[in-house]
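Comments concern the structure below.
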Amino acid sequence: MLALQLLINGIAVGALYALAAVGVALIFWSTRVFHIAHGATYLIAAYTYVALYETSMLLALVASVLAAALFGWGLNKFVYRPIQRSRESFFTLFVASFGTLIVVANVISLWAGSGPKSLPTLLGRVHIGFLQITWVAIIAIVVAVVFLLGLQFFLEKTETGVGLRAMADNVELVELLGLNRRRFAAVAFILGSVLVVPAAILTTYVQGLTPQLGLKIATIALIVSIAGGVGSLAGAVVGAILLGVVENVSTLWVNASWGEAVGFTVLLAILVFRPSGIIPRASAT
């Protein structure tokens, strides 16, 4: 029974990881930017929610979405795009992204302090037989499913979504067809940034919030998206769920403090034996 409890907890954690990782994968998929500053978006969304929560949960949620979307859009327009126009290397983009994360984390530390922030327990638990499932876990799974299905519908059924997929497959063809590459890139950053908002908010309810969490979340999102298959949205989801499940279920045999290390070891093993990832981009849907 404990194993089943840990499995459910792992799926819930993996669902939150998936929202962060799919945002990174979507942005890389369509713009070729390894967006480690996604961790900064996480921090901005979470701290915005915490700052406004006592005023109104709805206001806090809307403000978090807007802040994340605006940050993602602005970072692409004012940082990444000028670097790409100057034909600088992939590594230059990565350093700029990492530097942005460090700057944002330090600014937040100066503004809100480096100590932990927390939110009151959300709704308690649901008891099903011997299982105790938190409402946060239930909401995390439901929100992840809704957001990811919505993203799939957007990419497959809308003109802008089809344009993003075209950019992922052949940027030169998009330009030859006269499509606005910059508009599609902006959409990718906005969508990817919005996806991390529920992960930021729900994780804050569970484990609190510090400026250092930005780097941790960015690292998880990057590793998961690489192990899943670089640029593969489906792979990012599978990798995220796998990490969440392994982290939790492994505590049946090892101390809970080792769960994260065990999870990353499994993902590293996947990369060693399957360098293209769990679901390579070419075969991903």
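We count from 1, first residue shown onward.
Cβ atoms are placed via backbone N, Cα and C, with glycine included.
Those TrEMBL annotations? Automatic predictions, nothing curated.
Since the structure is predicted, the reported quantities are computational estimates derived from the model, not experimental observations.
Per TrEMBL, the features are as follows:
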TRANSMEM  6-29  transmembrane segment
TRANSMEM  58-78  transmembrane segment
TRANSMEM  90-113  transmembrane segment
TRANSMEM  133-155  transmembrane segment
TRANSMEM  184-205  transmembrane segment
TRANSMEM  217-245  transmembrane segment
TRANSMEM  252-273  transmembrane segment
(request) Using a Cβ cut-off of under 8 Å, list the residues of the same chain at least 6 residues beyond the transmembrane segment (252-273) that approach it. (result) 2-3, 6, 223-224, 226-227, 239, 242-244, 246
(request) For the transmembrane segment (6-29), could you work out the same-chain residues 6 or more beyond its ends whose Cβ comes under 8 Å from its Cβ atoms? (result) 35, 38, 41-42, 131, 133-134, 136-138, 140-141, 143-145, 147-148, 151, 164, 168, 188-189, 191-196, 198-199, 202-203, 217, 220-222, 224-225, 228, 230-233, 235-237, 239-249, 251-252, 281
(message) Under 8 Å between C-beta atoms and at least six residues away from its ends: which parts of the chain pack against the transmembrane segment (217-245)?
(response) 7, 10-18, 20-26, 28-29, 34, 36-40, 42, 101, 148, 151-152, 168, 196, 199-200, 203, 263-264, 266-268, 270-271, 276-281, 284-285
